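Read the structure below first, then the notes.
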Amino acid sequence: MSSRGGKKKSTKTSRSAKAGVIFPVGRMLRYIKKGHPKYRIGVGAPVYMAAVLEYLTAEILELAGNAARDNKKGRVTPRHILLAVANDEELNQLLKGVTIASGGVLPNIHPELLAKKRGSKGKLEAIITPPPAKKAKSPSQKKPVAKKTGGKKGARKSKKQGEVSKAASADSTTEGAPTDGFTVLSTKSLFLGQKLQVVQADIASIDSDAVVHPTNADFYIGGEVGSTLEKKGGKEFVEAVLELRKKNGPLEVAGAAVSAGHGLPAKFVIHCNSPVWGADKCEELLEKTVKNCLALADDRKLKSIAFPSIGSGRNGFPKQTAAQLILKAISSYFVSTMSSSIKTVYFVLFDSESIGIYVQEMAKLDAN
């Protein structure tokens, strides 16, 4: 009641306030009615529309903020909004025909045509010659296998092998796809075309341009990955590592060095000294380790690189934390390096826990 006895004037509550959204529900209802005069518009239609637009706006702003942070900028610009949309598969599909003013363009860069201006972030071996390529069989030689696979069993076997090889190379953009003894469990495409693939296999059998070997300052090869590579590469691989240790000296934390992949399907092995969990700035150093490995691969113009789960073995990183940091480092590297020669990054895993974590973290990579 007012002082004169009349009713107190009540303030009108807007439709947006009633629905609990910020975007103007009443205005959207007018726009919908204006464009569709023949149809009956439900009360919930503008509310749902406002909620969806509000969610999309918040999502784009969050991703644009991440892009600005990765580019070390303190203000979000239209360029960052364009990068945010392009880096999210669903948003990119939704806003494919939309032009963002002052956002620039996403060039289709061929790394082979660009001069390398950025210096290496890790220590390099002076001169490394990759192992000689295997001699191809002459076309005159007859293949007895073709004769032996006659009948239903042979046809069934060749069909099964064909399916395996198709599944292996379906999403790969590299010239040398991995061998048949593996399974691609998940694939993620980044906005500049690079592909991330979770692979269940033995890392020593992966036919990529480079494989990553987590080690220590003394190039120790007694860990899980090192032992596997030593078993496959044999004496030549061990001698190459010893020679690298002699030339390079102790490997600093987060540092990386490369040697030839003697006895391995991979041309090169990138040795990296990852930090120990609990050490000072260990998370930052793990990201730096991954970026240094990628930088070495770029310096050699390699197209594919295979990572194990760095840091989650003897160095004690929780598997999920290690996966998050590694994926974040890779995504950040490709955002800041527009001229990368790397087309495919493999995550070579063997245990179900690591596989599940990487598949899960890769699925929400854009949101992070």
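Heads up, the Cβ atoms here are built off N, Cα and C, so glycines get one too.
Taken from Swiss-Prot, the feature domain 'Histone H2A' applies to 2-117.
Residues or ranges marked as N6-lactoyllysine by Swiss-Prot on the basis of similarity to another entry: K7 (among others).
Look at Swiss-Prot and you will find K9 (among others) tagged as N6-lactoyllysine.
Under the heading N6-methyllysine, Swiss-Prot lists K18, citing similarity to another entry as support. Counted within 10 Å of its Cβ, the other Cβ atoms near K18 (N6-methyllysine) come to 10, all protein chains included.
If you look up Swiss-Prot, you'll see K116 (among others) marked as N6-acetyllysine.
Sequence annotations record features per position, and here Swiss-Prot assigns ubiquitin cross-link to K116 (among others).
Positions annotated as ubiquitin cross-link by Swiss-Prot: K117 (among others).
If you look up Swiss-Prot, you'll see K123 (among others) marked as N6-acetyllysine.
For K123, the entry in Swiss-Prot reads N6,N6-dimethyllysine, with the evidence type similarity to another entry.
The annotation SUMO2 cross-link is assigned in Swiss-Prot to K123 (among others) on the grounds of similarity to another entry.
Annotation comment: Swiss-Prot describes T129 as phosphothreonine, evidence class similarity to another entry.
As annotated by Swiss-Prot, compositional bias 'Basic residues' applies to 144-159.
Summarising the annotation, Swiss-Prot assigns SUMO2 cross-link to K166 (among others).
Among the features that Swiss-Prot reports, phosphoserine is placed at S169 (among others).
For S172 (among others), the entry in Swiss-Prot reads phosphoserine, with the evidence type similarity to another entry.
Per Swiss-Prot, SUMO2 cross-link is recorded for K188 (among others). Counting only residues at least six positions away in the same chain, the Cβ atoms of K195, L196, Q197, M362, A363, L365 sit under 8 Å from the Cβ of K188 (SUMO2 cross-link).
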Here the Cα-Cα span from K18 (N6-methyllysine) to K319 (SUMO2 cross-link), rounded to a whole number of angstrom, reaches 45
Intrachain C-beta neighbours of K319 (SUMO2 cross-link), sequence separation six or more, cut-off 8 angstroms = S309, S312, E353, S354, I357
Please work out the helix, strand and coil residue numbers for the domain 'Histone H2A' (2-117) from the DSSP assignment.
-> 62 helix, 0 strand, 54 coil
Averaged over the domain 'Histone H2A' (2-117), the pLDDT of the predicted model comes to 82
